[in-house]
Amino acid sequence: MADSAGIQQGSPAIGAAGLVPAAPGAGGTEGSGAAGGSARIAVKKAQLRCSPRPKKLEKLGVYSSCKAEGACKCNGWKSQNPPPTPPRTDQQSNTVNLQEPCRSCSHTLGDHVTHLENVSEEEMNRLLGIVLDVEYLYTCVHKEEDADTKQVYFSLFKLLRKSILQMGKPMLEAQESPPFEKPSIEQGVNNFVQYKFSHLPSKERQTIMELAKMFLNQINYWQLETPSQRRQRVPNDDAAGYKANYTRWLCYCNVPQFCDSLPRYETTQIFGRTLLRSVFTVMRKQLLEQARQEKDKLPPEKRTLILTHFPKFLSMLEEEVYSHSSPIWSQDFLAVASGGQVPIHTVGEKRKPSDPLPHEENKRPRVVGDIPMDLINEVMATITDPAAIPETSLLSAHSARDEAARLEERRGVIEFHVIGNSLNHKPNKRILMWLVGLQNVFSHQLPRMPKEYITRLVFDPKHKTLSLIKDGRVIGGICFRMFPSQGFTEIVFCAVTSNEQVKGYGTHLMNHLKEYHIKHEILNFLTYADEYAIGYFKKQGFSKDIKVPKAKYVGYIKDYEGATLMGCELNPSIPYTEFSVIIKKQKEIIKKLIERKQAQIRKVYPGLSCFKEGVRQIPIESIPGIRETGWKPVGKGKELKDPDQLYSTLKTILQHVKSHQNAWPFMEPVKKTEAPGYYQVIRFPMDLKTMSERLKSRYYTTRKLFMADMQRIFTNCREYNPPESEYYKCANLLEKFFYTKIKEAGLIEK
Ligand code: ACO
């Protein structure tokens, strides 16, 4: 959802066959024929390796100092009949005379190559390889017009010359050596795949991995724009930082692609987020543009991948690249995401069918009453089969409200961008056009708001707007103001243009806004909903019961007459834009599990007739056949039927637990800042404060629900923390205490 502002470009290496890497070239020297040069050098090197030794000596003599006795300072033999510049090996005669005097110092060629007399053929060939690289760099230095690039070529030229003179290995004398940033781009993209797609079935995940691999390949062959091009395009950028990275990239990645005597590294392995940020926007734009232009040349099997999935993949990655708090750039992402247990597969590496999936590992402690994982996996295998749920069926009458919008986004029909005005730098024309478009949509859809007021807030730099773009036009948006210090965001305007309403865009917009805020660690929304919009906000999870303490927002948000204050608390572990799909899958799983169970039970009992006869309630276990289905009451103990009695018993137990000396770690939800990655490891967080709220709202209609929540607290704690930790010990002690208390209350057998 980041803004894509690029106009000028680096160079894509996209190939007509569909995003395959093209031949490398020197940065900023498209006109110098560097790509073709790479192949030419390889041919020359092969030819030179096959030439007779005297010829090799002649070639090396040119780059070797004179060894004649006395203080001869000549550092390279020069022929009396100089060959064309640059020298052409294929046109020279094979007859080489070691007695030929040097044009410069008059000593013979033999005097310049005495040090090579006992040198092996292999070493000679290595030195000759460097010679050809030197000659190639010489032409690059002369043809290159960009001053920064020219300077780097020249330094490398000198470096290689020196290593021939000293017969050493070319060593770049940079102050720091690669990698220049951690985690690397490759690791970050890998983390992204795991972070965003590990829940997908293996076939789809495979597709994502293919996209990731393709993307990394593109970066490895991407031609960076020169520092001066970049300065023109992004004047406010960190110019010195970019130049440093550009120089490193030329020395370690780009030039070594054609001068193979220099050690070569992949861009994606030695650079990190900083370099990716400086190329991503332009790169994304160009790759998509080029894919569209070349769509007819794409092989059929690649078309969907490149034209449909790749744009969506890039949009999602863009968000993580520019986000300030994306976990994919965290050094300990792998440890956190895997809980230190699950092996992480690098991009492109195939996952074996038997490998456990992240977040699904079998080692996860099971909670009493959980359905066996094997059974779930078996059922999942049937429902995640794409043939089982064709895409069109998702758009049936039963599909979620936001389904169509989600598919449109995936196909690139609609886009979401968070945009805003700025006083520090002038937003580009496109952003300004969108802001004007948003002002129009809000003015039309919220006729009671003064137009000037809407304009003021939309263009106010403190406000941002999540905008929905279709065919380059704004069709909806949510204008908001973040108050990070107060822990909430105010939703100021929310609207979708009339002919696009009730198509799910409003829901999808809100879901994107929720995810954006989870990333920015603000977990509460407040809004003044006008009377016609209360229904919409309720459906998006808003309620009139405000969770943010009044002191936090009074004086911060605008009070609208005739509107109702509504709030929404976000749950950081919910992927909101995918939530309805997940729920749909869960429903499918349960349906299939029920079907399986039904298939196992052959006996059909007659229907219950007692209700017709006036009976209002019967014990569940008295329903004929119910026990055969596997149903059983949890433990044996007293099921309190009177809700008030159940409430007061549970309240007393909870009170005891909360007052226990080992309850302190579990009093409140775990803070993300205090436990890095907690919410990636723990899927169902629970704490005593949440339990108190649930109890208060009469959520615990059975003791089973209450016990399951309490059990979650202990299991989560033992899952996240090592056994020797204090937290782990507290969980064990408190659990023991809890079971004593529920036994005392007769909720389970003593
Ligand atoms: N009242 C009740 N329910 C509504 C309303 C409404 N005014 N508008 C939409 N819904 C329901 C839809 O029927 C749908 O329900 P369903 O999932 O059960 O079918 C659900 O809300 C979401 O519908 P979407 O199609 O996702 O939403 P839509 O794209 O129509 O956008 C929006 C909703 C933004 C409210 C749009 O209708 C609109 O622009 N309305 C006019 C402007 C407006 O009233 N904005 C809110 C003012 S308050 C404020 O800005 C802070």
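For all residues, glycine too, the Cβ spot is worked out from N, Cα and C.
TrEMBL annotations: computationally assigned, not manually curated.
What TrEMBL records for this protein:
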REGION    345-365  region 'Disordered'
COMPBIAS  347-364  compositional bias 'Basic and acidic residues'
DOMAIN    423-571  domain 'N-acetyltransferase'
ACT_SITE  Glu490  active site, proton donor/acceptor
BINDING   Cys494, Ala495, Val496, Gln501, Val502, Lys503, Gly504, Tyr505, Gly506, Thr507, Tyr532, Ala533, Ile534, Gly535  acetyl-CoA binding site
DOMAIN    658-728  domain 'Bromo'
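Here Val496 (acetyl-CoA binding site) comes close to Val441, Gln445, Leu468, Ile475, Gly476, Tyr505, Gly506, Leu509: these same-chain residues lie at least six apart in sequence, with C-beta atoms under 8 angstroms from its C-beta. Checked against ligand 1, the binding-site residues Val502, Gly504, Ile534 give Val502, Gly504 as the ones with a Cβ under 6 Å from it, listed in sequence order. Among the listed binding-site residues, namely Gly504, Gly506, the Cβ with the most fellow Cβ atoms inside 10 Å is that of Gly506. Note: the domain 'N-acetyltransferase' (423-571) comprises 56 helix, 41 strand, 52 coil (DSSP; helix = H, G, I, strand = E, B).
Over the domain 'Bromo' (658-728) the predicted model carries a mean pLDDT of 90. Site extent for acetyl-CoA: the farthest pair of Cα atoms among Cys494, Ala495, Val496, Gln501, Val502, Lys503, Gly504, Tyr505, Gly506, Thr507, Tyr532, Ala533, Ile534, Gly535 sits 18 Å apart. Taking CA atoms as the reference points, Val502 (acetyl-CoA binding site) and Glu490 (active site, proton donor/acceptor) are 23 Å apart. Just so you know, of the binding-site residues Val502, Ile534, the Cβ with the fewest other Cβ atoms around it within 10 Å is the one at Val502.
Cα of the residue listed as 'active site, proton donor/acceptor' to Cα of Ile534 (acetyl-CoA binding site): a distance of 16 Å.
Taking H, G and I as helix, E and B as strand and the rest as coil, DSSP gives the domain 'Bromo' (658-728) the counts 39 helix, 0 strand, 32 coil.
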